[in-house]
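K.L.:
Got a structure for you, written out below as structure tokens; questions coming shortly.
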Amino acid sequence: MVRIGLALLFTLVFASLAFAAEPAGAQAGLGSFFSYAVVAAGFGMGIAAFGTGIGQGLAIKSSVEGIARNPEASGKITVTMLIGLAMIESLAIYALVVALIILFAYGPAAKILSVVAK
């Protein structure tokens, strides 16, 4: 059942990309540039969210195990864990910044290139 749902999801996602129309009057390759940028930004954020989620889960698991072994050190372990979680979360924020740069910095550049090329 999971395979069928996953196959259906991929079919719907990639079919919509295949049938997407190019904007009217777009130069060859410039319209698809922005669509590739959107896909790249989405994949980048997905990979970053997956990696940071795994990292945060492992950090919390280790800190809970450390507190269970030595409850007296729970304050130091908690502070260290929170600093580590902030560092891990900063990677997701950096990926978000890169994705936003890809979407908003290069998108207008493609429009400017299409005007200059005419």
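Here the Cβ of each residue, glycine as well, is placed from N, Cα and C on the backbone.
Automatic prediction, not curation, is the source of TrEMBL annotations.
Got these off TrEMBL a minute ago, pasting:
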DOMAIN    40-102  domain 'V-ATPase proteolipid subunit C-like'
SIGNAL    1-20  signal peptide
SITE      Glu89  site 'Reversibly protonated during proton transport'
TRANSMEM  36-60  transmembrane segment
TRANSMEM  81-106  transmembrane segment
K.L.:
Cβ under 8 Å, sequence separation of at least 6 from the ends of the transmembrane segment (36-60): give me the contacting residues as numbers and ranges.
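P.N.:
For the transmembrane segment (36-60), the far contacts come to 17, 81, 84-85, 88-89, 91-92, 94-96, 98-100, 102-103, 106-107.
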K.L.:
Six or more residues out from either end of the transmembrane segment (81-106), which same-chain residues have a Cβ under 8 Å from its Cβ atoms?
P.N.:
33-34, 37-38, 40-42, 44-45, 47-49, 51-52, 55-56, 59-60, 63
K.L.:
By DSSP, what is the split of the domain 'V-ATPase proteolipid subunit C-like' (40-102) into helix, strand and coil residues?
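P.N.:
Summed by class, the stretch gives 62 helix, 0 strand, 1 coil.
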K.L.:
Given the model, what does the mean pLDDT over the domain 'V-ATPase proteolipid subunit C-like' (40-102) come out as?
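P.N.:
Residues in the domain 'V-ATPase proteolipid subunit C-like' (40-102) carry a mean pLDDT of 92 in this prediction.
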K.L.:
Around the Cβ of Glu89 (site 'Reversibly protonated during proton transport'), how many other Cβ atoms lie within 10 Å? Please give the count over every shown protein chain.
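P.N.:
A count of 13.
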